[in-house]
Amino acid sequence: MEINKFLAVVVAVVVLYSVEATAQGGNPQLTACLQKLLPCQPYIHSLNPPPPPSCCGPMKEIVEKDAPCLCIAFNNPEVLKALNLTKENALLLPKACGVNPDVSLCSKIATPSPIASPGSTNGTSSASTISFNRFSFLSAFVAMIFF
């Protein structure tokens with residue numbers, strides 16, 4: 001059982017670093033969106049067992065109230081590649097949660113280009129933000145797995 005927890009942590013860290021590297025392109029909306037969907041991480045590639053309410057609740061909320069959030073990830077080939085997903089595979093998880101996102105909205109919603117952070121004289125501002133984001137992702141996954 002302990003080896004399963006260890007493997008889950010390793011997989012989570014690899015996925016987080018992959019997604020974080022993509023999100024570091026400067027899109028804070030994408031980072032916030034992906035944080036809401038952290039409970040869905042174990043179900044990205046396997047829907048057996050079906051995703052629990054802890055995954056489906058945030059998924060339904062995002063589909064119903066924040067379509068641009070999903071569109072940012074759905075329209076970003078780098079995010080899909082980092083998660084080893086195709087657009088078709090990405091739609092399986094919401095469907096497993098009983099929601100059908102209207103992906104036609106994604107073609108109408110302009111996904112924001114990466115937002116450049118304001119320049120700083122010594123450059124430390126951006127680095128500390130990136131470190132904090134990576135730490136918050138990792139902390140959330142570790143807490144989710146062990147508690």
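Here, residue 1 is simply the first one shown, and the rest follow in order.
Placement of Cβ uses the backbone N, Cα and C atoms for every residue, glycine included.
The signal peptide annotation in Swiss-Prot covers 1-23.
Secondary structure at C71 (disulfide bond), taken from DSSP and collapsed to helix, strand or coil, is helix. Annotated disulfide bond per Swiss-Prot: C33-C71 (among others), in sequence order, evidence recorded as similarity to another entry.
Residues or ranges marked as disulfide bond in Swiss-Prot: C40-C55 (among others). A C-beta separation below 8 Å, combined with a sequence spacing of at least six in one chain, links C40 (disulfide bond) to P51, C55, P58, M59, L93.
Residues within less than 8 Å, Cβ to Cβ, of C56 (disulfide bond) and separated from it by at least 6 positions along the same chain comprise A96, C97, G98, V99. Annotated disulfide bond per Swiss-Prot: C56-C97 (among others), in sequence order.
According to Swiss-Prot, the disulfide bond annotation covers C69-C106 (among others). Neighbour density for C69 (disulfide bond): within 10 A of its CB lie 20 other CB atoms from the protein chains shown.
DSSP classifies N84 (N-linked glycosylation site) as coil under the three-state reduction. When other Cβ atoms within 10 Å of the Cβ of N84 (N-linked glycosylation site) are tallied across all protein chains shown, the result is 11. Residues annotated as N-linked glycosylation site in Swiss-Prot, with sequence analysis given as evidence: N84 (among others).
Look at Swiss-Prot and you will find N122 (among others) tagged as N-linked glycosylation site.
Look at Swiss-Prot and you will find S125 tagged as GPI-anchor amidated serine.
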Could you measure between N84 (N-linked glycosylation site) and C33 (disulfide bond) for me? Cα positions, answer in whole angstrom. 18
Measure the Cβ-based neighbour count of C106 (disulfide bond), defined as the other Cβ atoms within 10 Å of its Cβ. 19
Number of Cβ atoms other than its own within 10 Å, given for C33 (disulfide bond): 21
